[in-house]
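Trainee: A single structure is presented below for examination.
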Amino acid sequence: MTRFVKNSKEVASGLLIVFLAAFFAWQAMGLPMGRAIRMGPGYFPMILAGLLGLLGLIVLLSGLTLRPVEEENATQKIGFRRWPWVPLGLITLAVVVFGLGIRPLGLGPSMGLAVFISTMASRRFKLTTALLSSFIMVAFSWAVFIKGLGLPLPMLGPWLGGY
Amino acid sequence: MEIFDNLALGFSVAVTFQNIFYCFIGVLLGTLIGVLPGLGPVPTIAMLLPITFGLPPVSALIMLSGIYYGAQYGGSTTAILINLPGESSSVVTAIDGYQMARQGRAGAALATAAIGSFFAGSVATFLLAVFAPPLADLALKFGPPEYFALMVLGLVASVALASGSVVKALAMVVLGILLGLSGQDVYTGTPRFTFDMLELADGIEFVALAMGVFGIGEIVRNLEDEHTRTVMVQKVKGLLLSKEDIKRIIGPILRGTFLGSFLGILPGGGAILSSFSAYSIEKKISRHPEQFGKGAIEGVAGPEAANNAGAQTSFIPMLTLGIPSNPVMALMIGALIIQGIVPGPNVVNEQPNLFWGIIASMWIGNLMLVVLNLPLIGIWVRLLTVPYHILFPLIVGFCCIGVYSVNNNAIDVFTMALFGVVGYVLVKLDCEPAPLLLGFIIGPMLEEYLRRAMLISRGDPTVFFTRPISATMLGLAILALVVVLLPSVRRKREEAFQE
C-alpha cells in the first residue's frame, strides 16, 4: 500500500480527537458565552474545544507524510479485524442488560443475566461453570448488597411479582 | 513538638477497633488484587467507592489507601514467583526477582521486597507527616490565579512524566476537562452537554467513567489474548537473609526510598515511574552491572523501596492541595467529595482527625502487610491458580451493582458501558486514558478558579503572569512542555520508557 499515511493509529486518533472537538464546540455554541470578566457557561468549553481541535490536528498531521511509504510498521497498524469484537460486544451487552433490567426485573435476574452474558465472552465458556458463576454472584450480591449493606433494591422487580 | 501531638491524635483515631478493621480489609484486598493479574487498584477502588458511603470518612479513606499500597506489595509477590507482575509498578521487580526465584532464592527475594517496602513505606509516611501541613499552609495563601496556575502545572507535569505521546496525553487531559464540565453550570445553572436528559443534570458520574475506562475496558483488553497461564510456582523457602545480602540491600533501599519519595510527589509520578528510575540508577552505580537481569538482589531492593515510597508520598498533593497526581488519587478525591469533604488545603486544618488518622493508619497498614505477605505467602500463591475466565464475569457483576448503587440510577450503568468501549478504543489507539481521568476530576475546579481569577482581574488575562507565584508555576509548566517536546529529550525519554 502506497499511501501518505505513515502511522494509521496517529491518523485515526487525530481524526477522532478533531471529531470530538467539533462535537463539543457545536454543543458549546448553544451556550451563552459571556465575556472574559464574567464568563458564561460556554466560554471555557469553547476555549477547550478549540485547544482540543488544535491538538487533534497535530496528532493527525504527525501520522501523515509527504513521501509515500510502502509498508507500515506493525505496531502502527490498528488491526481492526483482530479486535476482540465478540468479547467487546458481549461485555457491553452484559452491562447494558443489567442497566435495563435492574428496575423492572430486580437485582437477582439482572445480575444473573449480566454475569451469564459476560461468561460467554471467554473462549473457554462452559455452561456449567457459567451457571454456577451466575448463581454464586446472585447469592453473593443478595447477601452483601441487600442483606449486608441494606441497599434499597428489590431482589425481584415489579415485572416478576416483586415491588 | 507539634508533629508528635498530631501523630498522637492520628494514632488515637487509627487505633480504634473499627479503623484497624478497615485498614486490615484494605491491605488484605490490596494484596489480593495485587496478586491477581488483570485487576488493579483503580477498578477495585472504583468498585468500592459506593460501599464507602455508609462508612465514616476516616474509615473509608483508611480502607481505600490500604488497597493502594497493599497492591504494591501483592504485585511484587507474583512478579517474583511467576514472572507475572500483578501491578504495572512491579514490572521491574520481575526482572531480577524472578531470576532469583529460579536460582532457588525466592525466599530471599520476597524478604527483600517486603523489608524494602516496609522501610520505604515508613519513611515516606513520615515525610508526608512532616511536609504536608506546611505545604497546606502555603496553599491557603493562594488566590484563584495561583490555584489555576497550580492545576495547570499539575496537569502538564502529569503529562510530561507519563509514557507515550505528549500531544495525545494533552488531548486526553483536555477531553477529560470537557467531560468533567458536563452537567449544570455552577454559576448560572445552565445545563451543559446533557442532551436535554434530566439524568445528566449532575454531570457524568465520575465512578461510571472510571469503572468504564479502567474496569470494563481493561477486561476486554485482557480477553484479547486469552492464553493459558501455566503456573509453575517455585517453592518458597529461606526467608531469612544472609549477612552478605543485608549489606547489599541497605544502599539500594535507602536510595530507592528517597528517589521514590521525591518522584511520588510529582504529578504523574507515583509508583510506576519511581520503580523504573530506581532500577536504572541501581544498575548504573552498581560495581557489577552485568549481574542485573540475572538475579541481582539490588534490582529487587531498589525498585521495591521506590514504588512503595512513591505510592505513599503521592498522597501529599492529594491531601494538601486537592490535586490528584495519578488515577488512584483522583479516586481518593472522589471518595472525599462523596463524603462531603471539599478536597484542598483546608483538609489538614479542618479535618485533623481525618488527615492524621490516615497517616497513622499507613504505618499500621505497612506493618500488617509484612505479616500478611511473608508468613502467609502460600495462600497468595494458591490464589494465582484462579483462572481469569472465572474471575472476569464476577468483576463485571461487581462493576454493574457498584456503579448502579452510587445514585440508584440506570443512566450511570449505561455511561459505564459507553466508557468501557471508549476506554478500549483509546487504548487501542495508544491514547493513555489516565490523563483523561485526571482532567475529568480537575476540570470543574479549573474552570471555577479561572472564572474567579478573571472576575478579580476585571477580565485581564495577564493576571496569571503578573502575580509572582502563578507566573512561576505557569512558567514551569511551559518549560516542562518545551523540554519534553525537544527532539533530543524526546528520544531519550522514549528509550527510558522502553527499558
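The backbone N, Cα and C atoms fix where each Cβ goes, glycine too.
Since we're looking at a predicted model, the values are computed, not measured.
The annotation domain 'DUF112' is assigned in TrEMBL to B:20-438. Feature annotation from TrEMBL assigns transmembrane segment to B:7-33, B:45-69, B:108-132, B:147-179, B:258-279, B:328-348, B:354-374, B:386-404, B:470-489.
Mind mapping these onto the model and telling me what they sit next to?
Mentor: Tertiary proximity for the transmembrane segment (B:7-33) is limited to same-chain residues at least six positions away from its ends with a CB under 8 Å from its CB atoms, namely 39-41, 44, 48, 55, 58-60, 62-74, 77, 86, 129, 352-353, 355-361, 364-365, 368-369, 372-373, 380, 383.
Within the chain carrying the transmembrane segment (B:108-132), a Cβ under 8 angstroms from the stretch's Cβ atoms is held by residues 3, 6-7, 10, 69, 72-73, 76-77, 80-81, 93, 96-97, 100-101, 236, 238-242, 245, 249, 252-253, 256-257, 260-261, 264, 297, 300-302, 304-313, 315-316, 319-320, 348, 355-356, 359, 362-363, 366-367, 369-370, 373-374, 377, all 6 or more beyond its ends.
Counting same-chain residues at least six beyond the ends of the transmembrane segment (B:147-179), those with a Cβ under 8 angstroms from any Cβ of the stretch are 139, 193, 204, 209, 266-269, 273, 317, 321, 323, 325-326, 426, 430-443, 445-447, 449-450, 453, 464, 469-471, 473-474, 476-477, 480-481, 483-485, 497.
When Cβ-Cβ distances below 8 Å are used as the criterion, the transmembrane segment (B:354-374) is approached by residues 6-7, 9-11, 13-15, 19-20, 23-24, 26-28, 31, 57-58, 61-62, 65-66, 69-70, 73-74, 77, 110-111, 114, 117-118, 121-122, 125, 128-129, 132, 239, 312, 315, 319, 341, 347-348, 380 of the same chain, each at least six residues removed from its ends.
Tertiary proximity for the transmembrane segment (B:386-404) is limited to same-chain residues at least six positions away from its ends with a CB under 8 Å from its CB atoms, namely 36-39, 43, 46-51, 205, 207-208, 211, 215-216, 219, 222-223, 226, 229, 410, 412-413, 415-416.
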Trainee: Near the transmembrane segment (B:470-489), which same-chain residues lie under 8 Å Cβ to Cβ, leaving out any that are not at least 6 residues past its ends?
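Mentor: Same-chain contacts beyond the ends: 145-146, 148-150, 152-153, 156-157, 159-160, 166, 463-464.
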